Amino acid sequence: MGTPWRKRKGIAGPGLPNLSCALVLCLSRSQPRTQVGTMSPAIALAFLPLVVTLLVRYRHYFRLLVGTVLLRSLRDCLSGLRIEERAFSYVLTHALPGDPGHILTTLDHWSSHCEYLSHMGPVKGQILMRLVEEKAPACVLELGTYCGYSTLLIAQALPPGGRLLTVERDPRTAAVAEKLIRLAGFDEHMVELIVGSSEEVIPCLRTQYQLSRADLVLLIHRPRCYLRDLQLLEAHALLPAGATVLADHVLFPGAPRFLQYAKSCGRYRCRLYHTGLPDFPAIKDGIAQLTYAGPG
């Protein structure tokens, strides 16, 4: 990306093998020679400007794909560690124990300069912390702990005596988050990590975890599960009137069914904070803020 397009050796040029001719020969077995031989090069040339335009226009998405899928998978195989585990090793050697702010800054630096972490990031983080401080919730439920980044943001902003329950479905990821949370200085009485899928945990919150109401909920796991989990919270009467539900990644990768439900059911006041992805500001995303009016 960003470099001039050049002809590849072997594609065109006098005296050089033409790869398109090989394609023509293969296709000519099933199609008339005159039709294939005259149309294939023309079609290829016609589509070339379109391909180049798409690559330029969506270069940020291409970089994200390479960084989060291809390079990450390669590093996972070579190191035997997941990206969250590599990030935690970096935190251990560069961050100050007991200082959640410094740990968060260290994770931001890791994501910007080492490997993209797919975390909430500082811009969205400021929105989250401001809302937690503003609402002063007695109990917060987070669905999707991941590496623990947003968990630390919430824990920092909780009022005295506040409680945070955070749910992570992957045991290996949860183990990393648990160590990060304790490294930051938050004990189990303040921040409790539950390992399990949100679909299984939500129905058990009242009986097994003594959570009768969640004043603030953060949805930050899989956007396609947001609507299901919101309806589960409603069905089990875990949202009091006035409760705040925050949902990340509602624009990218997007949660259209969740947003449509929140806007049309008549039980929520909705607001959308437009942001970009951390380290990819050109890719537009947003945080949805829902205020629950009650079951009526």
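Note: Cβ is positioned from N, Cα and C throughout, glycine not excepted.
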Swiss-Prot has Glu142, Gly144, Thr145, Ser150, Ser198 binding S-adenosyl-L-methionine. Which one of Glu115, Glu168, Glu178, Glu234 is in the same site?
Glu168
I want to verify one value. Collapsing DSSP to three states, which class is Gly144 (S-adenosyl-L-methionine binding site)?
coil
DSSP, reduced to three states, assigns Glu168 (S-adenosyl-L-methionine binding site) to strand
Long-range Cβ list for Glu168 (S-adenosyl-L-methionine binding site), cut-off under 8 Å, min separation 6+ in sequence, same chain only, gives Gly144, Thr145, Tyr146, Ala174, Ala177, Leu193, Ile194, Val195
